[in-house]
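Trainee: Have a look at the structure that comes next, please.
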Amino acid sequence: MVIISHYRHVLGVPLDDRKAINNYAINSTKELPTVPSLRTPTPTSSAEEEAMASASHIIMLWSLSVSSFAVGGMFASFFGGWLGDRLGRIKAMLVANIFSIVGALLMGFSKLGPSHILIISGRGISGLYCGLISGLVPMYIGEVAPTTLRGAIGTLHQLAIVTGILISQIVGLDFILGNQKLWHILLGLSAVPAVLQSLMLFFCPESPRYLYIKLDEEVKASKSLKRLRGGADVTKDITEMRKEKEEASSEQKVSILQLFTNSSYRQPILVALMLHLAQQFSGINGIFYYSTSIFQTAGISQPVYATIGVGVVNTVFTVVSVFLVEKAGRRSLFLIGMSGMFLCAIFMSVGLMLLNKLAWMSYVSMTAIFLFVSFFEIGPGPIPWFIVAEFFSQGPRPAALAIAAFSNWTCNFIVALCFPYIADFCGPYVFFLFAGVVLAFTLFTFFKVPETKGKSFEEIAAEFRKKSGSAQAPKAAVEMEFLGATETA
């Protein structure tokens, strides 16, 4: 890897140690002695020990470079809703963009200083940005989108993410920016989307629900709605928000803990968390983990281009989801996506098991990869991010989105940390494991997740009561103290 090679250069790792690091990274520590020989302590064993220490140090720095992003995201995701309530949705996103720009600058100028420190710091700060924005963007979209387009506009969030991934895969090719001379520019380019978003946010209206329900600014909320609706009649929207505000004002404040202890919110928050768990534990990261080796086995001379092809499929089927989500519905698309992923995981496992016996099985595995990614982006990829905003009205929404984002980042971190060990233990059978997990989440979705397409918050709450078999009306959404359970006198 280019950055690992640069770490070696900066830290002055000798050539022999570089070979040891390559063996360490590719073949694990089994090919390197873990302890020197106790009977014949020779200069060779001492050199091997020193090489292993250098290898361990470089691999540790690389692991920190990768994981610091997820750790930053996990930490910041808890504060997205709180920041959105304190500053407003637009100003909160502007503040979040500062983290993105600072992180990109640290990485972009990493060649001018201690590269490993600047990259780890930059990745961590960029993770803070992503943790904040992963809660703020779905919250803002859910509050400004009309009911009939809420799902389609919400899916655009996922479309932006996968488009960014595809662009980074392309510009990361070695003949563009993914080389020893220009890799730092590639890392620094992550500031460009943040700068563009910051400029465009000045032309975006503040969330009318935030203005009316949180700040009691009905006139400003009405103006914001008219900008969003193109001058159309907003009486129905104002009436709905007024009713929601009246119900909220009659309730006590709700803390994050009460989202789990209050029966009105318990089922929606548990369903929201399960959808995010289903997304991360579905095996999508494992597919990307295995894709390059499978493409190599299939005889593709440049597997990196096939991996970019997976990114193209990723993007195309997210676009398909934009058009389907308001027609087929969230629940239906999620079930279709999970069912398709279940079948693909089975074919993937069979293909990997028979890869050495039947050469054409590599093509079965390749096809399964592309179909798995397609089904993922039809439903399980985009839907969890915006459906949480549909489950909750204005009061508990920021806290619910924060918890959902935190669970997503945490699961992402766990999968990244554990998957190599699970894959090493299970071998080609690993996707049978994922198939079982996907099947379990599919059954949960079928029995517990309501359809939210075109429904108001009250109608969705009624669907949850129907799913739980409760006849009791839920308490209305309320304003809440984001991180505190205490109330002021």
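Cβ coordinates are placed from backbone N, Cα and C, and glycine is handled just like the others.
All annotation found in TrEMBL is predicted automatically rather than curated by experts.
Annotated domain 'Major facilitator superfamily (MFS) profile' per TrEMBL: 1-453, in sequence order. Here TrEMBL flags 59-80, 92-110, 116-141, 153-176, 182-204, 269-292, 304-325, 332-354, 360-378, 399-423, 429-447 as transmembrane segment.
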Trainee: Any residues 6+ beyond the ends of the transmembrane segment (182-204) with a Cβ under 8 Å from its own?
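Mentor: Residues 2-3, 6, 90, 93-94, 97, 100-101, 103-105, 107-111, 119, 122, 126, 129, 164, 168, 171-172, 176.
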Trainee: For the transmembrane segment (116-141), which partner among 59-80, 153-176, 269-292, 429-447 gives the most CB pairs under 8 Å?
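Mentor: Between the stretches 59-80, 153-176, 269-292, 429-447, 59-80 has the largest tally.
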Trainee: Given the cut-off of 8 Å on Cβ pairs that are 6 or more apart in sequence, determine whether the transmembrane segment (153-176) and the transmembrane segment (59-80) share at least 3 such pairs.
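Mentor: Stretch pair does not touch.
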Trainee: Do any residues of this chain, six or more beyond the ends of the transmembrane segment (332-354), have a C-beta under 8 angstroms from a C-beta of it, and if so which?
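Mentor: Cβ under 8 Å, 6 or more out: 275, 278, 282-283, 287, 290, 294, 321, 324-325, 361-362, 364-365, 367-369, 371-372, 374-381, 383, 427-432, 434-435, 438-439, 441-442, 445-446, 449, 451.
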